[in-house]
């Protein structure tokens, strides 16, 4: 699907979409009676609205931190580093809180093991590429074009699944990918016609799409190193990222930029930075909530609709005027993403309902 909601959440989404329960999410069912329809509908609506709010607010907030004329902070790696550090701190804080309170087997105690950290390091390098490319894409393109700029995630999913996992894709799914690619190129053409095209932003958008796909594949391989705990993996990934960001920031001269930054002592600046980090962490939680109260397919549909709303809000907020073909490119990307999600959902349902399909084949279809 075309939304990578920024960034660190791909790992959390992958775990919460199936498998072990998330300790922070409310327990389902049990022996009690099922909630009335109206109550369940209101709960689902509240969760979807919360997901939309946090996801859209996070993109606008990151755009402000990365490319605001009033802020004038040219240090994208520092912004990403701070958010990774805050995510690691929040994971550790939740772990300590669980240790002091009632037992919570799904939220294990966190401690830094150098051996595990080294084993997670290759994935952390991909993770750094993912979060950095996402933020650099957002820095160089407008919020309205951001969704199209990173729209090739689905295409890379199909390509890498074939190259690395030897999984084939149906003709209908490939046609949906073709629509996405067509919308991507049409969007580039229209951005160029309006004089707002940034090839740097396009490069980082493509890089982000590739890294998101690689991150999903290698996360599954690395999970056994952390005993299958998504919280441990999130913690180690962000700790490793903080360490690796230091030489990168030094190489690109961001420490010098921060030294001359006139708002470095401003409480409002640090408040915005902290809020951005909290939103970056929270998006994984609300993604899990949405999947839990609906389904993975409904979550993907909701993400597509959210991307559409985000684009419209960005055009209105920044008072932009877009051509018919520009809107057509967005509709092609969103429509292709929706079609791909729908096709894969039908294929997975067919596989699950077929008693002759082996369990290994079912897992491959669901990747």
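Every residue gets a Cβ built from N, Cα and C, even glycine.
TrEMBL: automatically predicted annotations, no manual curation.
Pulled from TrEMBL, these are the features on record:
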- 41-65: transmembrane segment (TRANSMEM)
- 43-340: domain 'Sugar phosphate transporter' (DOMAIN)
- 77-99: transmembrane segment (TRANSMEM)
- 120-138: transmembrane segment (TRANSMEM)
- 144-164: transmembrane segment (TRANSMEM)
- 171-188: transmembrane segment (TRANSMEM)
- 200-218: transmembrane segment (TRANSMEM)
- 230-249: transmembrane segment (TRANSMEM)
- 269-289: transmembrane segment (TRANSMEM)
- 324-343: transmembrane segment (TRANSMEM)
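Highest Cβ contact count with the transmembrane segment (120-138) among the listed stretches 171-188, 200-218, 230-249, 269-289 falls to 200-218 (criterion: pairs under 8 Å).
With pairs at least 6 apart in sequence, the transmembrane segment (144-164) and the transmembrane segment (324-343) have 3 or more Cβ pairs within the 8 Å limit; the two touch. Tertiary neighbourhood of the transmembrane segment (200-218): same-chain residues 4, 10-11, 14, 122-123, 126-127, 129-130, 133-134, 136-137, 139-141, 145-146, 149-153, 155-157, 159-161, 164-165, 188, 367, selected by CB-CB distance under 8 Å and a gap of 6+ residues from either end. Residues belonging to the domain 'Sugar phosphate transporter' (43-340) score a mean pLDDT of 89 in the model. Tertiary neighbourhood of the transmembrane segment (171-188): same-chain residues 2, 145, 148-149, 151-152, 154-155, 158, 197, 202, 325-326, 328-337, 339-340, 343-344, 347, selected by CB-CB distance under 8 Å and a gap of 6+ residues from either end. Cβ atoms under 8 Å from those of the transmembrane segment (144-164) belong to residues 1-4, 59, 134, 137-138, 173-174, 176-177, 180-181, 183-184, 187, 191, 196, 201-202, 205-206, 208-210, 212-214, 216-217, 307, 310-311, 314-315, 318, 320, 322, 329-330, 333-334, 336-337, 340, 367 of the same chain, restricted to positions at least 6 beyond its ends. If one looks beyond the transmembrane segment (41-65) by at least 6 residues along the same chain, the residues whose Cβ comes under 8 Å of a Cβ in the stretch are 3, 5-6, 35, 71, 73, 79, 135, 138-139, 143, 146, 272-273, 275-276, 279-280, 282-283, 286-287, 289-290, 293-294, 302-303, 306, 309-310, 313-314, 317.
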